[in-house]
Amino acid sequence: MQIVAQIVFLIALVFGISFFVRNIKKMLRNIKLGKTIDRSDNPSERWSKTLRIAFGQSKMVRKPVSGFLHVIVYLGFIIINIEVLEIIIDGLFGTHRVLSFMGGFYNVLIGIFEVLALLVFIGVIIFWIRRNVLNIYRFLSRELKGWPKNDANYILYFEMVLMTLFLVMNAADYQLQINGAVHYAHEGGIIGGFPISQFIAPLFEGLSNSTLIIIERGAWWLHIIGILFFLNYLYYSKHLHILLAFPNVYFSKLKPKGEMDNVEAVKKEVALMMDPNADPFAAPPEGEEEGEPEKFGASDVMDLNQVQLLNSYTCTECGRCTAECPANQTGKKLSPRKIMMDTRDRLEEVGDNINKNGKFEDDGKQLLDDYILREELWACTTCNACVEACPIGIDPLSIILEMRRYLVMEQSAAPNELAVSLTNIENNGAPWPYNQMDRLNWAKEN
Amino acid sequence: MAEAIKVPTMAEYMAEGKKPEVLFWVGCAGSFDDRAKKITKAFVKLLNEAGVDFAVLGTEESCTGDPAKRAGNEFLFQMQAAMNIEVLNGYEIKKVVTACPHCFNTIKNEYPSLGGNYQVMHHTQFLKSLLNEGRLKVEGGKFKGKRITFHDPCYLGRANGEYEAPRDLLKKLEVELIEMRKCKSNGLCCGAGGAQMFKEPEPGNKDVNVARTEQAMETNPEIIAAGCPFCNTMMTDGVKSKEKEDSVAVMDVAEMIANANDL
């Protein structure tokens, strides 16, 4: 009987992990559809930023309430996972509480897990209330209607159930030890610390040992299967940030926020224009094919860079960006969070298209217009509030800028008044129609 | 008031075979916008007061390309940058000061990879250095004890991490500095950036400058201090929309210092 359980466990574990790996590979392939971008510079600064912002959660706590709760859930997630290690060993080798040889330290450890499990449970309840009861601006946006809202709630329910199962398992175990059940009780007394579950255990008083074993085993199995299920749910949810936040912060921009990249393709063109010796009609040098001219800006996900695509998978839709956005606050359609959600949705659509057809077949859709509207793009003030607000280094502004580049350079589709200003800059070196020769007139006026 | 201010150009310096200590990049707003011209003049008066050997490009200056870049016209931006860098490098400019955070950001951050490498300072940073060197004296006087709030320009603050220079200057003026609930890295934009200055706002339920002015009004200020000609325009319009222009002034930090020094 024991060996059957071990085999079932092994199958569940292998299936759960391999399905997850398969999806992660798909995600990496999708990210690689983007343009390459070199973010290998300054590794020491990148590591320190990752330690501070991702591991240290330094930007999370800028909002004290949600930040504090998040730190609890984060610590709970990391520390309770040590327990998962024990569960996996027990499951594979048919042992029970294999790490208990550590004695007193083990008891303390299990005690800490229990306290954290309770804190996580409470934290998640408060998160649920914030999302569903309190009218918090960033949870009311139109882009959260439907699936995103349900998705967020499913994740919270999941965490509640996992924490409950963990505590119920311990409570049943504790009661079995008190009852002196075979395989559970030890001569040296109680194994494990049960500061929380000892208050659940009285509910089990009077139950037969066999019933208690069913409860204990049931909770154990549901807990580990739940964890494997949750692992695989990540890819289909907004919740990949628990893994991707770390690489995302590592690869985030180190330069001043105000600095926007100078497009290389344009540099070449401008250099050619500025060179008095350049021959505009020159044939390409011998042996070089005249390639298709490079597309400027982005109208679809393949035109974005790999860090921008990683950003889209990392976004957990917390909406701190949108809450800080001046355009969003004044009722405009732009929401930086929606920019990230749209990018990911379109990337997934392109990925599915590749899965189906072997390579990308034109589906008559693109990120621009079918997902992100021009009205959203033109509402941005490039103020960087969204970039500053993101706790894990996502840069929605860079995507907005790439898409504006496409609109202006490929389509000449700037809003009218803006187009006039750009023409003024081109003709007389100022956004207003003043002559460059009048630039110093102010010095003579009184 | 009527005495003409001294504004030498780089061409004049070149003709005399001299080089100034710093180039004052005036910017389009500072050159053409009636409100911003007052800031330009106030800053020039302070430069003269401190005995700074400076020059402007005058008719050789052209838009840095900031609005073009942020509107998505990278071509136009790089053309503007190339022309300006050619002029600046031709004069062997080493140090640039400007009263416009957009020019500041563009020249400081985006010109280097296009061949333009200069030490670039925002005018509040430069004035602070003059103060520290003892070349400029700032006394409270007129502004002592006045309730003043400072609006952070996005391209000075968040974009380049400079929050203290303008505040240090205001403290020298012995004002009662009251921060808005959204300030420094959390500051709300005035609504002009990203080329919004040059287009109609997208449909919404409020203008950004009005929203920001409301935040400023919560501090019940006598003066809203600014450090950017575009913010200045936006906040001035915001104050007008609230019909408070008689009781609340919008002033650049440089104007306040020049005013306190009776320049």
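Each Cβ is built from the backbone N, Cα and C atoms, and glycine gets one as well.
Quick look at what TrEMBL lists:
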{"type": "TRANSMEM", "residues": "A:6-24", "note": "transmembrane segment"}
{"type": "TRANSMEM", "residues": "A:68-93", "note": "transmembrane segment"}
{"type": "TRANSMEM", "residues": "A:105-129", "note": "transmembrane segment"}
{"type": "TRANSMEM", "residues": "A:154-172", "note": "transmembrane segment"}
{"type": "TRANSMEM", "residues": "A:218-236", "note": "transmembrane segment"}
{"type": "DOMAIN", "residues": "A:306-337", "note": "domain '4Fe-4S ferredoxin-type'"}
{"type": "DOMAIN", "residues": "A:369-400", "note": "domain '4Fe-4S ferredoxin-type'"}
Recorded stretch, among A:6-24, A:68-93, A:154-172, A:218-236, maximising Cβ pairs under 8 Å relative to the transmembrane segment (A:105-129): A:68-93
Chain residues outside the domain '4Fe-4S ferredoxin-type' (A:369-400) and at least six past its termini with a C-beta under 8 angstroms from it: 49, 53-54, 57, 59-60, 62, 241, 245, 248-249, 252-253, 257-258, 260, 298, 304, 307-308, 311, 314-315, 318, 320-327, 332-340, 342-343, 345-346, 407, 413, 415, 418
Overall pLDDT of the domain '4Fe-4S ferredoxin-type' (A:306-337), taken as the mean: 97
Helix-strand-coil residue split for the domain '4Fe-4S ferredoxin-type' (A:369-400), DSSP-based: 16 helix, 1 strand, 15 coil
Within-chain partners of the transmembrane segment (A:218-236) [C-beta distance under 8 Å, separation at least 6 from its ends]: 9, 12-13, 15-17, 19-20, 23-24, 26-27, 84, 87-88, 91, 154-155, 158, 161-162, 165-166, 168-169, 172, 242-243
For the transmembrane segment (A:154-172), sequence-distant contacts whose Cβ falls under 8 Å of one of its Cβ atoms, 6 or more beyond its ends: 73, 76, 80, 83, 110, 113-114, 117-118, 120-121, 124-125, 127-128, 131, 192, 194, 196-198, 200-201, 203-204, 212-213, 215-216, 219-220, 222-223, 226-227, 230, 233, 237-239
Close approaches to the transmembrane segment (A:68-93) from elsewhere in its chain (Cβ under 8 angstroms; 6 or more beyond its ends): 5-6, 9-10, 13, 57, 60-61, 99, 109-110, 112-113, 116-117, 119-120, 123-124, 126-127, 159, 163, 166, 220, 223-224, 227, 242
Residue counts (helix, strand, coil, in that order) that DSSP gives for the domain '4Fe-4S ferredoxin-type' (A:306-337): 20 helix, 0 strand, 12 coil
